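Annotated compositional bias 'Basic and acidic residues' per TrEMBL: 227-249, in sequence order. Taken from TrEMBL, the feature region 'Disordered' covers 217-249. Annotation source TrEMBL lists transmembrane segment at 6-27, 39-59, 71-92, 99-120, 132-153, 160-182, 188-209.
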């Protein structure tokens, strides 16, 4: 069982690394166009916070036998920090203040949790405190693309929901969910079970709307509007300009 646990931990590290690197195409586009367009900074800030807290939780003096959790999330913290900094550089002025506020919030929350757990808590209490914090913000990370999923449904386009990101959300959540089950660690099992389910929903949306574009959704909406205008125009044409003579009499 320990070997299987280790195997899923290694697989979880691999899929998590791909998850962290999957937005590279998106950020190449942002740098090339020098604009963040409609891409949201929320998922990257939430992923950064999740990585910081999970890396802290996996340290031996907090949670023994979870070093694989710590190593991959430490690497993820560096990668996600770079993504957030790119948003700070290329976001519009109004959006840049929001990105900076979220980034400050992330660093503040992590600092408070790390200091409290290090200075005020010990043993099992420290593990419980850090575990709850990591689990809560891990669920927030997995739930952060909900706004993008809503945009996909609204526009009937997956332009701003990259396929690789959705795929590796599902694979990463599933592998760490199994890892947590084998290790009997609810702080790993519960949030990654949620992530696996949300990743599956994203893949379903991608399958439904992959052949649509935002322009298709807009043209469909415009087409409905033109149809209503044509109907109104025809109704106006059919309406007599004057009352019949019999009615006037």
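In case you wondered, yes, glycine gets a Cβ from its N, Cα and C as well.
Within the chain, the transmembrane segment (132-153) has long-range Cβ neighbours (under 8 A, six or more residues past its boundaries) at 38, 40, 42-43, 46-47, 49-50, 53-54, 56-57, 109, 113, 160-161, 165-166, 169, 173, 186-187, 190-192, 194-195, 198-199, 201-202, 205, 209. Contacts between the transmembrane segment (99-120) and the transmembrane segment (188-209): absent, as fewer than 3 C-beta pairs lie under 8 angstroms at sequence separation of six or more. Contact count against the transmembrane segment (39-59) (Cβ pairs under 8 Å) is highest for 71-92, out of 6-27, 71-92, 160-182, 188-209.
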